[in-house]
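Just below is one structure, and these are the notes that go with it.
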Amino acid sequence: MVSRHKHDSSLDPLSLAIAPPPNETPEERAKRLREEEEAVEVSRRIDAELKLAKVALKKRKDAVQVLVLGQSMSGKSTTIKNFQMQYAQKAWAEERASWKAVVLLNLVRSVNTVIDIITGTMEGVDLLSSDPSSQLTPLNETHRNLSRRLGVLRQIERDLRLLLGSGADETEPEGGDGGPQFTPKVQEFCVQSSSGWKGILSRVRGPSTGKENDVQRVAFQVISSCRDDILRIWNDPGTQSVLKNRQAHLEDTPGFFLNDINRILSPGYEPSDQDIVRARLRTTGVQEYQFTLDRGNHAPVDWIIYDVAGVRTSRAAWIPYFKEITALIFIAPLSSFDEKLAEDPRINRLEDTFSLWKTVCSNKLLAKVQIILFMNKTDILRKKLESGIKVKHYIQEFRDKENDYETVSNWFKKLFKRLYLANTTPSREFVSHFTSVIDTEATSQTLVAVQGAILRNDFVNTGLL
């Protein structure tokens with residue numbers, strides 16, 4: 001029998017295409033209708049996702065996008081923490097307890113670094129002299145026994161590292177904060193995360209349970225049981241003498257908490273704002289942080305802040321972010337004038353910063369971007385100068401100027417300004433701040449000024465001013 005559809009010229013091709021098959025059974029009809037409903041639902045989901053993507057794209061386009069640049073360990077992450085503490089207080093409060101694992105990791109890593117230096121020193125002396133009464137070192141059998149007892153902290157460090165990131169790795173430090181590199185070199189704990197510390201901290205404490213992680217709880221108990229030995233070996237004059245001779249200025253490095261051990265190991269300890277700002281948790285790759293900044297009587301503004309790796313081998317990754325950003329905050333650690341780059345020991349860290357600053361200022365993609373200079377780590381700079389370290393021994397251009405903080409810091413500022421004016425358009429304003437980003441109160445005032453400068457420049461570029 002010939003189908004009537006074939007000879008019915010009144011039916012258009014579309015109707016023929018969507019018409020049910022001839023002689024369709026009830027089972028086939030039910031299956032067809034079910035598949036059609038599923039296809040409609042998939043189409044609805046795709047439409048909804050496209051709509052959300054369009055809204056997200058517009059929101060990102062309208063957001064103030066800030067790129068934070070600088071050498072590794074210049075203070076980039078600490079600067080972003082200050083932004084979050086000031087402008088995303090709810091998220092800051094929710095994450096507070098999770099920083100405890102990071103503080104504990106920083107603490108045990110400092111202890112293990114001290115043990116490594118003591119052990120290495122004593123092994124070196126053993127090779128040089130067979131006389132147990134030798135005075136080649138102030139260390140003795142007490143230091144050896146304390147080091148052995150504190151060996152349990154090796155496993156605690158491994159456990160905390162696994163807790164914070166299964167993709168964690170050890171990397172050589174890219175320039176220290178406390179003067180010349182000492183041996184043995186401290187390898188730095190590094191976590192792979194595209195969402196910055198937010199993704200890492202979520203591993204520590206589940207949002208639904210609110211309970212302390214078992215690994216963190218055990219780590220706290222073990223470290224507490226070692227408290228007396230830690231204090232004894234850290235406060236020992238022989239230990240301090242060896243650390244000084246090895247130029248291991250641990251107190252000036254990020255994540256140093258040995259002087260706070262009694263407070264940190266007290267029952268019910270929860271990290272303070274200052275503890276979180278000081279805590280060191282290095283991440284690799286590009287990190288993205290989002291905040292909503294309240295502008296008083298005006299509508300809130302979404303901000304996106306990018307933190308990219310600061311090592312010389314990673315700087316090519318910066319360029320794509322130059323195209324879309326509203327502002328660039330350049331972090332220059334002034335205290336690094338007497339340090340060398342770990343990835344290239346021939347290069348002075350501050351001279352590398354000057355070279356990087358010149359490159360940023362002259363980049364044509366940044367012609368309309370508000371560039372803000374943070375001359376950071378002024379507290380460590382002041383400490384170094386007061387200890388007698390001479391700038392002229394490391395930067396010849398400084399010559400015989402006074403070696404006090406005011407003279408040195410202002411000379412550095414003039415040099416940054418001179419490079420800025422020589423490599424950018426004359427009409428651009430030079431915006432700079434002396435900072436110690438671990439000083440949260442002073443940095444808070446700086447960020448208010450920075451917010452105003454960035455928004456003002458954004459309004460000018462968009463024609464609103």
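Heads up, the Cβ atoms here are built off N, Cα and C, so glycines get one too.
Curation does not apply to TrEMBL; its annotations are automatic.
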Do you know which of 1-34, 171-204 TrEMBL annotates as region 'Disordered'?
1-34
In the same chain, outside N376, K377, T378, D379, whose C-beta lies within 8 angstroms of the Cβ mean position for the GTP site?
G75, P333, L334, S335, M375, I380, L381, R382, F434, T435, S436, V437
Cβ-Cβ distance under 8 Å to N376 (GTP binding site), same chain, at least six residues away:
G70, S74, G75, T79, I331, A332, P333, L334, T435, S436, V437
Within 10 angstroms of the C-beta of K377 (GTP binding site), the count of other C-beta atoms across all shown chains comes to 27
Protein Cβ atoms within 10 Å of T378 (GTP binding site), excluding its own:
23
